[in-house]
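Right, one structure below, let's go through it.
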């Protein structure tokens, strides 16, 4: 802070600004006398005041805009508020509200956040990265805006997602804000509404594909490694299916990359299943899984379940896949359809006659676990849910599509249609449900349980590659945080209020696996990894300035 000659600029720097909380001594030393009214509130009092303001807004989007404004004005206060009121504020800065923010990003856009890399910058991406003021970057979240949540192609307006995601890396995982870099790669959009919108902020052209797309992405990945080194974590976010799988396969061997839609979703769902086994009994191998939706999330979860089954039972992966069935838009994925399937669906084509509807598939396969990753709302109909309840004492129903409007069924429907016997979790939050005098607390299978702790674990150990065993380690650590009391309420995830403690345990487990696999470069290995994780975490409390 010693660089400040004038207090006026100190108040305008979000990293150092404390608003009224500058002490009398600080005001004197940093030329702030008279620039602030005399009151010196604590940070806690500031949080209380802001929460009063935020709760007066009726519309979630207005709360979102207020929070973004706060982030640009007083960074530490923003994070303090987000951490202290995480359950209330998470749906505002992330799903579901962030989706609406992206849809309207052009018209609510006030000042740019993060880096925009478009086709115009081809050949100059390294230069673009060097324009960013921070040199020591630990996490990049990057999107090309082609598949934002369940909302489709939002082009350049997808920037809301990396910005929101990184604020969670900081609030929940303790990665310091200056080490986070949100990036949007703009190769155009196929969304006609945006192309015709006079306020659209991105390139006005159809999406580049094929070689042109691949070259831009390759230049980007090369520049990132050149500029930030081997240990920067690049998280791919909300890319379209085919690109998401290709990018992960292509760069997984040369970069520290992670796709939250494929791997984060899978780890958080697997963790919920591990916790649910304490209620259902048996091992993963004893259960039958049926998915509606065979895209990134569905196949990613299915693959991680198969991996864990194979690890637990020593059976070959092909064998472990046999208890996992997927339904896509054309019906059950079966052997006879194999020729026409996309490559990531092929491993799931089992021997069975063709089945067209989800209801038939449920009645045929008789799954113990039904998982929705379709991106289409209200597809777990009353018939489907009642069928699940007819052959399972405790049907496990995960309706994972976001935002809430796209959820396969609501919490209330799941409990009502199963006479309160369902174990239920969704992707976006639902309030508790009263059914016949009992209160059911639906779980939220939110990736925010996993990715912040996973990221912290990778960063603090200096890991250079992501290995599937690290995802399994993250799932196990999260499941271990679910208490008997949580289970008695039907919750298969721990409450979000302790998320920073949970993240530290996940980080420790992930780091331990990285050291075990010889992929960690930060040596020697700390003795107590949980304590080390906690010591690495950013604190939003104000600093004292001399």
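Glycine is no exception: its Cβ is also placed from the backbone N, Cα and C atoms.
Here is what TrEMBL records for this protein:
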type: ACT_SITE; residues: 94; note: active site, proton donor
type: ACT_SITE; residues: 165; note: active site, proton acceptor
type: BINDING; residues: 147, 402, 446; note: (S)-malate binding site
type: BINDING; residues: 237, 238, 261; note: divalent metal cation binding site
type: DOMAIN; residues: 71-252; note: domain 'Malic enzyme N-terminal'
type: DOMAIN; residues: 262-515; note: domain 'Malic enzyme NAD-binding'
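The structure, with features from TrEMBL marked on it.
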residue : record                             : contacts (Cβ under 8 Å, 6+ apart)
94      : active site, proton donor          : 164, 165, 168, 448
147     : (S)-malate binding site            : 153, 238, 239, 240, 241
237     : divalent metal cation binding site : 141, 142, 143, 161, 162, 165, 259, 260, 261
402     : (S)-malate binding site            : 95, 96, 99, 149, 150, 427, 428
446     : (S)-malate binding site            : 90, 95, 268, 427, 428, 429, 493, 496
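Ranked by how many other Cβ atoms sit within 10 Å of their Cβ, the binding-site residues 238, 261 place 261 at the bottom.
All chains included, 27 other C-beta atoms sit within 10 angstroms of the C-beta of residue 165 (active site, proton acceptor).
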